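Remarks on the structure that follows.
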């Protein structure tokens, strides 16, 4: 066993066999030199080779047909279909480089093409996979934009489609390039016949843990959240419209059809990427735990198989794409008849895979919806004030990150220089964007009198807090990122840490006060008391006094402000809690007083506002229940108009052009003025509410106040 460990330490750095082998010379088992029959029988390798060949034989025609049909048939060249072509291109990249290389390597039972080809294959497969993964998220988000209309009259154009495609490649490069420059690496994985990021080695040289966590969060968690949110809103939109119409067989069928497609697409995403992400995360978080190397190949198989079943879900299950493909394959005549609902027309495909053009016609636009600091137990106890107590940084390359202080020189032992440069560029963008947007809020409020309403004062306070954090903290961080360490010294570290903490907590409490203001104005908990400038000023003063009070203790010994992360920005010390009781207790108190409290206020206030509006809406429906509703358009007529969603308060037109009655009468004009729109002081409406506002005052139609 000792010999095996010694041999493992002598391994070349271009591969790693994640299992204990009873041989003193592991180099002789290199996956680039000899068949890996010690990992599996020849039958297993031949079976994997046959499976890869099947993926190539199925994936190339399906994805190539998607591209060719889109180029040939004008009706498929819709802006919403650009992302499907992008998905097909990324799938072809994975097939032509990743699956083809894996097919040859499995047939040889080792990676016969060498270490350089391994890096190329790992990079290309990872890039194509990440682009494909983000394409699925963009597909969901685009359908959400087009169907649910969250931006009002926003028109989805070709430039937006191109931007979405470009974003997938940018995100893919961000995820796949780092292993080429030292953040993790590409090595053979599983049965050692295909390459991917290294999640096996646990030494700090390759820093694999942080890279795997980055991939899990940025390339799995974020896209999955986008997909679930977008399709969830789409289903809610469909259900809301179905309730407004008669529950006919047509609407029920459309709702079932869309629900089925959404479930299939979410399951397809999870089947593709959940095994890969979960296994990598398990290996990283369970160092030293044995696992079957053969089973490690299964997640890679699922991800490569997505090049076949994703086109089937997103392309072939779409009637227009399927009809065009069959016509192309069978020389202009589909053997199953003409399935294209809009064949012979110039109307472009409105939705690909989320729903057919029929379902889109059913979906109209929706409306938007501390005391005792001197106590000894709180004092930070340190033998050396300048000691760097950082434990394990997310970018820990070696175990020697305490050999140089954060104020003494570049900290490139924590992360490579390109990480600092990239972070510096990001911080410059943050500074420019924040100064522009928050400055615009202040200038607009100063220039336009109608915006200087007490309800908007807290929004100005929020902009001031953001500007303070940007001008002082973010600017200092940019300078330090350029030099690779906190070049401005410990005194400015304290100033920056205090500023960013005070302004950040002020901004957080501003959001809580905004929610309280909305509850105060809408729910009228104190009767007819008016929200005036005095209350607004009191809220602003409270946000600053509270934040300044709770961020001052680290200056006087309860915890401290110290560089963190890449050691180029400062904040409360969170790393030395085990050795300093004051650090741990301060973070607990700060979380409770400056995070949990405002969060609870926000949730409770907006919940009360929502319940009040819901109660008013229910009362209004009961009052109007005895009225005669106008004639409804038949759902079949709505299904034929995918480009013109029907608003529940706007008359529609039948196929012959005759105007139809509204689906439901407009709501009565509210009696009370709503607060100013949240988060939009620029161009915001005056406090006087126009008739038909989507934010009614919680009054009974006859004037009685509702309880909060």
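From the backbone N, Cα and C atoms, a Cβ is placed for every residue, glycine too.
Annotation comment: TrEMBL describes 662-678 (among others) as compositional bias 'Pro residues'.
What TrEMBL lists as compositional bias 'Pro residues' is 687-698 (among others).
The compositional bias 'Basic residues' annotation in TrEMBL covers 699-708.
Under the heading domain 'G-protein coupled receptors family 1 profile', TrEMBL lists 62-314 (among others). Confidence annotation: the domain 'G-protein coupled receptors family 1 profile' (62-314) carries a mean pLDDT of 80 in the model.
Marked as domain 'G-protein coupled receptors family 1 profile' by TrEMBL: 437-614 (among others).
Residues or ranges marked as region 'Disordered' in TrEMBL: 624-708.
According to TrEMBL, the transmembrane segment annotation covers 44-68 (among others).
As annotated by TrEMBL, transmembrane segment applies to 80-103 (among others).
For 123-141 (among others), the entry in TrEMBL reads transmembrane segment.
Under the heading transmembrane segment, TrEMBL lists 161-181 (among others).
The transmembrane segment annotation in TrEMBL covers 211-236 (among others).
The transmembrane segment feature in TrEMBL is assigned to 262-284 (among others).
Under 8 Å from some Cβ of the transmembrane segment (425-446) lie the Cβ atoms of residues 452, 456, 459-460, 463-464, 466-467, 469-471, 474-475, 477-478, 481, 681-683, all in the same chain and six or more residues away from its ends. Residues annotated as transmembrane segment in TrEMBL: 425-446 (among others).
Away from its own ends, the transmembrane segment (458-483) comes close to residues 410, 420-421, 423-424, 427-428, 430-431, 434-435, 438-439, 441-442, 445, 492, 495-496, 499-500, 502-504, 506-507, 510-511, 513-514, 517, 536, 539-540, 543, 566, 568-569, 676, 679, 681 of its chain (Cβ-Cβ under 8 Å, at least six residues beyond either end). Taken from TrEMBL, the feature transmembrane segment applies to 458-483 (among others).
Same-chain neighbours of the transmembrane segment (495-514): 458-459, 461-462, 465-466, 468-469, 472-473, 476-477, 488, 539-540, 542-544, 546-548, 550-552, 554-555, 561-562, 569-572, 594-595, 597-599, 601-602, 678, counting only residues six or more beyond its ends whose CB sits under 8 Å from a CB of the stretch. Feature annotation from TrEMBL assigns transmembrane segment to 495-514 (among others).
Listed by sequence, the residues of this chain that lie at least six past the ends of the transmembrane segment (535-556) yet keep a Cβ under 8 A from its Cβ atoms are 370, 373, 378, 454-455, 457-458, 461, 465, 494, 497-498, 501-506, 509-510, 513, 516-517, 520, 572-573, 586, 589-590, 593-594. For 535-556 (among others), the entry in TrEMBL reads transmembrane segment.
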